[in-house]
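A.B. asks: Handing you this structure, nothing more for now.
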Amino acid sequence: MNFSWKKILLWSLPLLVVFFFIWQGLLTTNNSDVSQNISSSRMTYGRFLEYLNMGWVKKVDLYDSGHTAIVEALGPDLGNRVQKIRVELPASAPDLINKLKQSNVDFDAHPNRNNSAIWGLIGNLFFPLALVLLISFLFRRSNNTPGGPGQAMSFGKSKASVQMEAKTGVEFSDVAGVEEAKEEFQEVVTFLKKPEAFTAVGASIPKGVLLVGPPGTGKTLLAKAIAGEAGVPFFSISGSEFVEMFVGVGASRVRDLFKKAKENAPCIIFIDEIDAVGRQRGTGIGGGNDEREQTLNQLLTEMDGFEGNTGIIVIAATNRADILDAALLRPGRFDRQVTVDIPDFNGRLAILNVHSRNKLLNSQVSLKAIARRTPGFSGADLANLLNESAILAARERKDSITILEIDKAIDRVIAGMEGLPLVDGKTKRLIAYHEVGHAIVGTLLKHHDPVQKVTLIPRGQARGLTWFTPSEDQTLISRAQILARIVGALGGRAAEEVVFGEAEVTTGAGNDLQQVTSMARQMVTRFGMSDIGPISLENQSSDPFLGRSMASGLEYSDGVATNVDLQVESIVQNCYQQALQLIIKNRVIIDRLVDILIEKETIEGEEFRHIISEYTKLPQKELYISHC
Ligand code: ADP
Ligand code: MG
Ligand code: ZN
């Protein structure tokens, strides 16, 4: 694998420089032998002469061209043991040698060993040489790239962006809730393991499979699982990494990727976010993007370039198959599509099962209950949820994860971090009325999702929150349900108006109103749920490159447009009146609920319904899901 070699080489450059400086440092500190012979004790020159006169000096070694001496002396002062003592000699100590001779002292002069100079020379020659060699080596390698010469350094190489995993360690059992996709891929795995069975009868397996699905649904995981099950290497690159500033880089990366894959066949090539390169060509404002088109062309060429049975399978992932270039989807390329969707109840349960394997859950925690509370969660959301609750449990020093942590983690995943509780005061009271307004309207409407809890503890952007237990199927919603949601969303503002008067209503309802308007408009323009009739007035497959507002040019007359606005207005007005009526009629209950909410900060759905049922009859909700 030459890419890891290159990494090592690149890293060794700074290391070499560092070593060079350390080397120089060593040379300067190391240039005197005295330092090695050092004795800890020293004495003055005068003292030394005294010792000499007393005849206590036995041996003298001179260093540093006679500037330093290590003296071996023996005397009563020194505990009658021979000791080595260091003496700095004055620059002119003329008769010292004579004196030593006279006193019959054994003396010896040590010239400066000038090894250090030689070493310094070698070092100074060696390091620049090594540097030059290294750099030239790097250049030579990059010129070998298929991108050809003239490319600076290593841009053309796929750097670290091509990742190879010899063993992914992921198995099909790690991917849950996507049974159909797994079945599709079983065949691919068999092919990678035993290609003979297919080639014998002349069958060729698809070269490319396209995984389509929203983020976090396990596309990457699934691709890894295929490699893991088949026991083949896994090459991955992300489409956005192909698209670079420099023209031609992307194309050369594609070449490089396929070259490496061929050397390692059988294997899996995984191209994430293929829409980054694979969009329809020749689109977009200001013409096409040359770099992207070149890359895409290269990809198409490479996919045509290898035979069906070389054992390379290209798996690509995207969350928008509709914008891909048609050429990519032709037979012989990504002709198989596998959809991976947001999991349903059973899927979520299966995913929770996989991810709770290594977590210590309290025996009272029911995965079913969690799965029921999390419609719309992707696999990644669920994995994140369990991890968050494990972190919370660890923080509280519990020995297992309880339903409390799970609840907190769900809230956090949906609505963001919890803030500090509000201080008592008018604002808090107003927010309490607003939330209770949502909650009571939601509870009293037959078709509204049931309240799960009302809380005054801020979270994310919201200062208070009313949680509803969503029904399982969020894709098929009836007209009555949408209307109920609109009334419920207006309940907050309605309560503010009834309790505090028209002049006192706040900006707190801004978000609610946005949702209300969007729901009402869609009823009219998309779902044919207004007096205009069953007509779709919105172009759904708008051009992805122009941005929504530019693309969805009006395809109907001004008269119809006015009518749409009128319809939207009438829906919203009707719903608001309904909300006002409900608030006015139940004012007594609302006042009581607000008092409780301000005192307790949170009211659970069960308790909420219980209090209301003391005053009025609750509607029988068909979608009712018991609180977990
Ligand atoms: P995608 O590529 O579709 O955006 P990933 O495969 O990267 O999603 O998923 C991210 C993480 O979420 C995975 O590593 C895994 O932990 C978890 N996950 C997602 N889908 C599933 C699934 N179907 N089964 C188990 N875990 C999943
Ligand atoms: Mg992914
Ligand atoms: Zn609100």
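Including glycine, each Cβ sits where the backbone N, Cα and C put it.
Note: TrEMBL annotation is automatic and uncurated.
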A.B. asks: Please identify which of Asp344, Asp381, Asp512, Asp531 is recorded by TrEMBL as part of the Zn(2+) site containing His434, His438.
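C.D. replies: The record-listed residue among the candidates is Asp512.
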A.B. asks: Based on a Cβ-to-ligand 1 distance below 6 Å, what subset of the binding-site residues Pro214, Gly216, Thr220, His434, His438, Asp512 would you report?
C.D. replies: Gly216, Thr220
A.B. asks: Taking the binding-site residues one at a time (Pro215, Gly216, Gly218), which has its Cβ surrounded by the most other Cβ atoms within 10 Å?
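C.D. replies: Most Cβ neighbours within 10 Å: Gly218.
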A.B. asks: If you draw a 10 Å sphere around the Cβ of His438 (Zn(2+) binding site), how many other Cβ atoms fall inside it, taking every protein chain shown into account?
C.D. replies: 29
A.B. asks: Taking the mean position of the Cβ atoms of Gly213, Pro214, Pro215, Gly216, Thr217, Gly218, Lys219, Thr220 as the ATP site, which residues outside that list, in the same chain, have a Cβ no more than 8 Å away, listed in sequence order?
C.D. replies: Ala317, Asn319, Val340, Ser378, Gly379, Ala380
A.B. asks: How many Å lie between the Cα of His438 (Zn(2+) binding site) and the Cα of Thr217 (ATP binding site)?
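C.D. replies: One finds 32 Å between the Cα atoms of these residues.
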A.B. asks: Can you give me the residues near the recorded Zn(2+) site, meaning same chain, not His434, His438, Asp512 themselves, Cβ no more than 8 Å from the center of the site's Cβ atoms?
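C.D. replies: Neighbours found: Glu435, Gly437, Thr466, Ala489, Leu490, Gly491, Gly492, Arg493, Ala495, Gly508, Ala509.
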A.B. asks: Given the recorded positions His434, Glu435, Asp512, find the one whose Cα is closest in space to the Cα of Gly213 (ATP binding site).
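C.D. replies: The smallest Cα gap between Gly213 (ATP binding site) and any of the recorded positions is with Asp512.
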